[in-house]
Every structure is written in structure tokens, then in C-alpha cells.
Amino acid sequence: MAKVVICGASGRMGQTLGRMVAESQDLELAGGIDLHPGSFFGAEIVAAKEIEALLASKKPDVLIDFTVAHAAVENVKSAARNNVALIVGTTGFTPEQREVMATAINGHVPAVISSNYSVGVNIFWQLVREAGRLLKDYDIEVIEAHHRNKKDAPSGTAKTILQILDEEAGERRKLYGREGMMERQNEIGVHVIRGGDIVGDHTVMFSKNFETIELSHRAYDRSVFASGALRAARWVVGKKPGIYGMNDVLGLEKT
């Protein structure tokens with residue numbers, strides 16, 4: 001039975017993950033990390049400054065991180081120092097932060113890093129890749145919507161979409177929203193919506209004269225992300241050190 005520690009335990013994803021781990025038959029909830037201590041589905045949440053002590057005492061097999069970028073970098077370094085495998089679902093990293101994490105991980109521990117752990121989203125990315133390859137001469141727009149409390153924009157999932165489109169349809173200027181008089185150039189329009197309790201909506205629109213193709217994914221509950229993250233957690237334990245993606249977990253082509 002794999003022992004799991006969850007960073008960001010008091011957050012929306014942390015609570016969903018904690019409940020699902022506690023209810024599972026093959027995972028054990030070893031504890032949580034957050035800003036303030038508290039109870040956590042039969043385990044305990046300890047303050048972030050106590051992460052090293054928790055990892056040393058509980059000796060978990062895997063640490064799952066859904067926090068914010070600067071905290072996640074430190075959590076990754078702590079896990080690597082304690083030989084704990086990683087699932088990183090935090091988004092909004094700078095290139096420099098990604099480099100710091102890669103240095104900590106490579107040669108030390110296995111880690112799955114993904115901007116979205118939903119199985120459906122990973123299939124959606126594959127469809128976007130194929131459409132981008134075949135529809136290079138179409139106008140492309142990306143629209144994403146999330147709840148009012150999501151801080152990073154565009155979302156990590158949308159950034160992955162843009163990366164895929166650059167690879168398959170050719171690099172284009174990214175135009176974030178539109179205002180005023182302008183002619184369309186070699187660009188991808190990117191539109192961000194924040195409001196209410198929207199879990200996560202993503203649409204890629206390919207348009208040409210007389211037709212439009214839309215690819216969309218809509219999440220209705222955070223459990224789809226948590227389920228994928230736990231699938232990755234089960235998979236990553238015992239793997240060779242290095243950075244993996246959900247494509248590796250699911251046996252898909254690179255996304």
C-alpha cells in the first residue's frame with residue numbers, strides 16, 4: 001500500500017484528493033501540508049515549515065503537490081532530498097522555477113509533472129495535436145474558463161494547448177484578448193474567463209470560410225483531476241528517476 005502526502009491539503013484539490021485517498025483500498029493517507037495545522041481525513045495537516053520532519057517520520061512513497069508555484073518548488077526539493085516520488089499538479093511556473101525542479105528531480109526521484117491530470121483532457125490534447133497538424137491554414141482561437149479564485153491566466157492547460165499548436169500548426173503570435181480596430185495577422189487569439197465556480201472549460205476553435213471546427217473539454221467536478229493524479233501516483237512509485245508526463249502514465253503519444 002503506497003503512502004501519500006498531499007501538499008495544499010486545505011485547498012479544493014487537496015480536500016478532494018484527501019477524501020479519495022482515505023476511501024481507497026490501495027493508498028494510505030500519511031498526512032498533509034498547508035499553511036496551518038489541522039485534521040485531514042484521519043491524518044494530520046502540518047505547517048509547511050514542518051515538511052522535512054513529516055517526510056522523515058512518515059516516510060511516504062509519493063508526495064502530491066497542488067499549491068502555488070513558489071511553494072511547489074520548495075516542496076519538490078524537500079521530496080527529492082527525502083527520496084519521495086512526486087506528482088506535481090501546480091501550474092504557473094517560470095522557466096527558472098522549472099529548471100530548479102528539474103535539477104532537484106533528475107537522477108534522484110521519479111516525478112510526474114502535468115498541467116492537467118484529467119484523462120479526458122489528455123485525450124483532448126491528442127485531438128488538438130491532430131487538428132493542428134491537419135488544419136495549418138485555419139484561424140485558431142483558444143478560450144478557457146475557470147472559477148473566480150484561479151490566479152494564473154491563461155491556465156496551465158491552455159498553455160499546453162498553445163505549445164501543442166506551435167509544434168503542429170507553426171508558431172504564431174499570441175493575442176491575449178482583443179480591443180479596438182485591428183486586422184487578423186498570423187496569430188492565435190487567447191481568451192480567459194474567470195467567474196463563479198467553473199471547474200474548468202477549454203475550447204479550441206479552428207475557423208475557415210464556410211466552416212468552423214470546435215474541440216472542447218468541460219470538467220464538472222474536481223474528482224476527474226484527482227482521479228488522474230492518483231492514477232499517476234500509483235504508476236510513479238518504483239519508476240526510474242526523471243520527469244514524466246501523463247502521456248507516459250496513460251501510454252499516449254507525447255503531448
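Backbone N, Cα and C atoms are what each Cβ position is placed from, and that goes for glycine too.
Going by Swiss-Prot, these are the annotated features:
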BINDING   G8, A9, S10, G11, R12, M13, G89, T90, T91, S114, S115, N116, Y117  NAD(+) binding site
ACT_SITE  H146  active site, proton donor/acceptor
BINDING   H147, G156, T157  (S)-2,3,4,5-tetrahydrodipicolinate binding site
ACT_SITE  K150  active site, proton donor
Subject >> Nearest of the binding-site residues (S10, S115, Y117) to T157 ((S)-2,3,4,5-tetrahydrodipicolinate binding site), judged by Cα-Cα distance >> reply: S115
**OP:** By CA-CA distance, flag whichever of H146, K150, G156 among the recorded positions is nearest to S10 (NAD(+) binding site).
**Re:** K150
Original post:
Where the distance is taken from Cα to Cα, which of the recorded positions H146, H147, K150, G156 turns out closest to S115 (NAD(+) binding site)?
Top reply: G156
**OP:** Just give me the nearest neighbour of the residue listed as 'active site, proton donor' among the binding-site residues G8, T91, Y117, Cα to Cα.
**Re:** T91
Original post:
Among the recorded positions R12, H146, H147, K150, which residue has the largest number of other Cβ atoms within 10 Å of its own Cβ?
Top reply: H146
Original post:
Taking each of the binding-site residues G8, G89, G156 in turn and counting other Cβ atoms within 10 Å of its Cβ, which one has the fewest?
Top reply: G156
Original post:
Reported as an integer number of Å, what is the Cα distance between T91 (NAD(+) binding site) and H147 ((S)-2,3,4,5-tetrahydrodipicolinate binding site)?
Top reply: 15
Original post:
Of the recorded positions H146, H147, G156, which one sits closest to G89 (NAD(+) binding site) when you measure Cα to Cα?
Top reply: G156
Original post:
So around the (S)-2,3,4,5-tetrahydrodipicolinate site, H147, G156, T157 aside, which residues have their CB within 8 A of the centroid of those CB atoms?
Top reply: T91, S115, N116, E144, H146, K150, D152, S155, A158, G200
Original post:
Of S10, T91, S115, T157, the binding-site residues given in the record, which has the fewest other CB atoms within 10 A of its CB?
Top reply: S10
**OP:** In three-state terms from DSSP, label S10 (NAD(+) binding site) for me.
**Re:** coil
